[in-house]
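Summarising the annotation, TrEMBL assigns domain 'Cationic amino acid transporter C-terminal' to 516-566. Residues annotated as transmembrane segment in TrEMBL: 76-97, 109-131, 205-223, 230-250, 270-290, 302-328, 348-376, 397-416, 460-480, 486-503, 515-535, 547-567 (among others).
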Amino acid sequence: MGLDGPTGNEGVRRRGCSCTKDDFLPEESFKSWGNYVQALQETPRRFMDRVFTRSLDSTELHEIKARSQHEMKKTLSWWDLIWFGIGAVIGAGIFVLTGLQAREVSGPAVVISYVVSGISAMLSVFCYTEFAVEIPVAGGSFAYLRVELGDFMAFIAAGNILLEYVIGGAAVARSWTSYFATLCNHKPEDFRIIVHSMSEDYGHLDPIAVVVVCVICVLAVLSTKGSSRFNYIASIIHVIVILFIIIAGFSKADAKNYSDFMPFGIRGVFKSSAVLFFAYVGFDAVSTMAEETKNPARDIPIGLVGSMVITTAAYCLLAVALCLMQPFREINVDAPFSVAFEAVGMSWAKYVVAAGALKGMTTVLLVSAVGQARYLTHIARTHMMPPWLAQVNPKTGTPINATIVMLSATAIIAFFTELDILANLLSISTLFIFMLVALALLVRRYYVSGETTTANRNKLVACIVLILASSIATAAYWGLSDNDDWIAYVITVPIWFLATLALHVAVPRARNPKLWGVPLVPWLPSASIAINIFLLGSIDGASFARFGIWTVVLLLYYFFFGLHASYDTAKEAAENKMGDGLKKVEEGVKVSSEAQ
C-alpha cells in the first residue's frame, strides 16, 4: 500500500497533511523539465496506449484502491442505500422545475414527462447496479468505464461526472436560499448581494449558499455512517412532507384542470423530459458507496432499484397533485406548490412545503458531497488527477482532501452563478455519462480480451455502431425538425431494433455476471442508450456549446498532465507486477521497449 515509487513510504508517514510537489506530480514525466518535454514528444504513442488499454476488475478492486493508503469503512446496508438514494434524488428538481415545465412546456402532461425521465433513469440504474455489484469501488462509473472502454473514455466521462456534481450542488445550494427566503416571508433577492457592475447572470452573490455548502462539507468529512444517520432522519421528515403535499393536494383537486391534458403536444412532453431529468440526477452517487457497503451483491440492487421506484412514484403523484389544484396556466414558476396551496385556501401549507423543500435539498447536497468526493478519490488513484486527492483519512475513513476541493468549487460557483445557467448544463453531462455506462455494459457482456474471436468482436463493433448511429439520427431529427413528420423514425427505429436483434442472435456472450446481472441483455442497455441519446436531442444548443467548451478544457488538461501521469503510473505498476511474477494489471496494447 501507499504511493508508488521512492516516495511511497514517506507518503504513508505524512498521511494527508503534506502539500509538496510529489503529492501532486510524483510521476517520472514531471521529475524534470527534460522529462516533461520528452513526455510531450511521446504524446501520440502514449495516447494510443491509453485509448486501447483497459483496466481489469481485480486492478480496480485491489491495486488502485490500495493507493489511498487506508481502507474506507464498510458500514452501510441496503436500508442506508435506499435512504441515501431518496436523499440524493428528491430535492430541488421536483420543487424548482415542475412549475416552469407544467406552465410553459408540457402542461398537465408533465406527469408523462416524469414517467419518461423515470424510465430512462431506471434503465440506467439497472446498468449501474451490475457494475456496482461486480466492481464495488468508490470510482462508480469512472471505474466501470476504465475497465470496459479504456482510460481515455473514462477520463472524458470523469470530467463530466465532476462537472455534473459541482453544477448540481451549486444549483441546489442557490435553490436552498430561495426556499429559505419563502420560509421567512422574504424574496430570494433580499438575502443576496446585488453587484450592478457585474453581469446579470453572475452579479447576484449568494452568501447563504456558501454557508450551507460549508456545513455540508463538515458533515461529509466527519463520517459516512454519520452522514447516513443525518440523511436518514432528514429523509424521513422529507417523505412525511411529500406525503402531506400529495394527500392535501388531492383533497383540493379539481378534475376540470385536467381537461386540456397535453396542450403543447408530444414534443412538449419530451422537451420537459430532457429538462426534468435534472430531478433524477443523484442516484449514481449511491453506486460510489459500494466500497463502503457490507454486502454489495445484496445491498446495492435493493438500494438502487428500491430508491428509484419510490422516487419515480413520488414525482408522478406530486406532479398530478399540482396540476389538479390549479389550471396549468396559473401555476407559479418560482414556488409552484406554495402558490398552489395559497390558491386553494391553504396559505399556511406554504411553510410546510418550504420546510420540506429545504430538507430535501439539504439531503441532496449531503449525498452529492459524499458521492463526488469518492469519484474524485478513485480518479486520483489512477493519477489522472493529483494523488493527493486520493488520500483517505485514517481516523474518519473518509477522503477529506477530495471532499474539501469539490465542495470549495461548488461553493464558489454557487456564490456567483444564476440557477438557470447551472440547470441548463446539468442534464447533458448526466445523459452522456449514463449512455456510456449502458454502452460499457454491452461491451462487458459480449467482449473479453483473449477469448472473443476477431469475427465476433467485429460483429459486436458493427452492432454497437448501428445502435449509436440510429439513436443519434433519431435524436438529431427530433431536435432539429419543427414539424411532426414521422418518416425519418420509420427508418431509424427499425435500424436500432435490427442492430439490437443482431447483437442478441449473432454475437455469443463472452461473460455472464457472477452475482447479479441486468435482465434482458442486450435489449435493456440498448434501450437505455437510445432513450438517453433521444433526450439529448431535446436539449438546447447553448448547453451543447458549453458542453463543448468544457470538453476542450478537459482535453487540454489530459494531454498536458493527466495522460502522462496515468501512463507513468500504469507502466510502473505493470513493471512491479511483472517483476514479482504476478498477473498483469491491464489488458490491451503491448508496452513497447521505448516506454519501459
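The backbone N, Cα and C atoms fix where each Cβ goes, glycine too.
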Problem set entry | Outside the transmembrane segment (270-290), six or more residues from its ends: residues with CB under 8 Å to it | 76, 81, 84-85, 88-89, 91-94, 97-98, 101, 105-106, 109-110, 113-114, 116-118, 120-121, 124-125, 128-129, 131-133, 135-141, 161, 164-165, 168, 171, 224, 296, 300, 303-304, 307-308, 311, 315, 364, 367-368, 370-372, 374-375, 378, 423, 426-427, 430-431, 433-434, 478, 534-539
Exercise. Should the transmembrane segment (302-328) and the transmembrane segment (230-250) be scored as in contact, given a threshold of at least 3 Cβ pairs under 8 Å and pairs 6 or more apart?
Worked result: yes
For this session: Given the cut-off of 8 Å on Cβ pairs that are 6 or more apart in sequence, determine whether the transmembrane segment (515-535) and the transmembrane segment (230-250) share at least 3 such pairs.
Result: no
Seminar exercise, completed: Averaging the pLDDT values of the domain 'Cationic amino acid transporter C-terminal' (516-566) gives 89
Exercise. Of the stretches 76-97, 109-131, 486-503, which racks up the most C-beta pairs under 8 Å with the transmembrane segment (230-250)?
Worked result: 76-97
